[in-house]
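What TrEMBL records for 1-127 is domain 'DAGKc'.
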């Protein structure tokens, strides 16, 4: 077993790792730890481990680290393990993984494998990015892009709330096109979700099934109330699990999604998408345009025995 560890959060995360390693040792599992040094390093480490025939490769970090490890395991027989050491840990909540390091480590040694089907984002510059929980374009991506990492380390999820309040007053809410299986919709924000949850344990897309191909797409139209007011009201509705019912919010199932703010003909114009930011699994991911499909195939993830990822 290889544990790919993101040390960015400092000593607290290292203490959590030590507790998890202790539980694994008690179960007779000697795990090797590899620390990430830069963005994308987790993918390289995971791909190398899968090539060596290591059966379980563990992402010890947040949703971004999990997505990088999953990208490295794509197409291999290795299973994905998760030690949820991030800020929001959305995928861990989605899959029913316990937050305590000892309990999460016990899943690695005594859980069962279930299917998880990531999404794949393709950008206009030819780059690709795997995502395991969601990809957003518009307001939430602007919040992620401008978030102060130091503040995030100090106060956790509260940093997103504070940054969201700041961006409400200055983000311009440009409209762009969301093309769902060929049908174009005009929106001010969109979240393409693999899972039900968002920003922790909050309900966003009730019908999402992370073990299957396809997406639940949440469209924010702005509507008669205006985009800024809608964003504020949706922020208040999110912790009450009421966001899917808000006016101007529509949920749609789709298999192929294109997000772009230029002509419908494609990506030829150099100015297309330079005003709308993108985030993937809570990390900045660039700018529109982007095309989204399911990854070529699912991966297997270690879950508690009573939990089924395809629920």
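From the backbone N, Cα and C atoms, a Cβ is placed for every residue, glycine too.
Keep in mind that what you see is a predicted model, and the values were worked out from it rather than measured.
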Taking the domain 'DAGKc' (1-127) alone, what is its mean pLDDT?
96
Could you put numbers on the helix, strand and coil content of the domain 'DAGKc' (1-127), residue by residue per DSSP?
57 helix, 30 strand, 40 coil
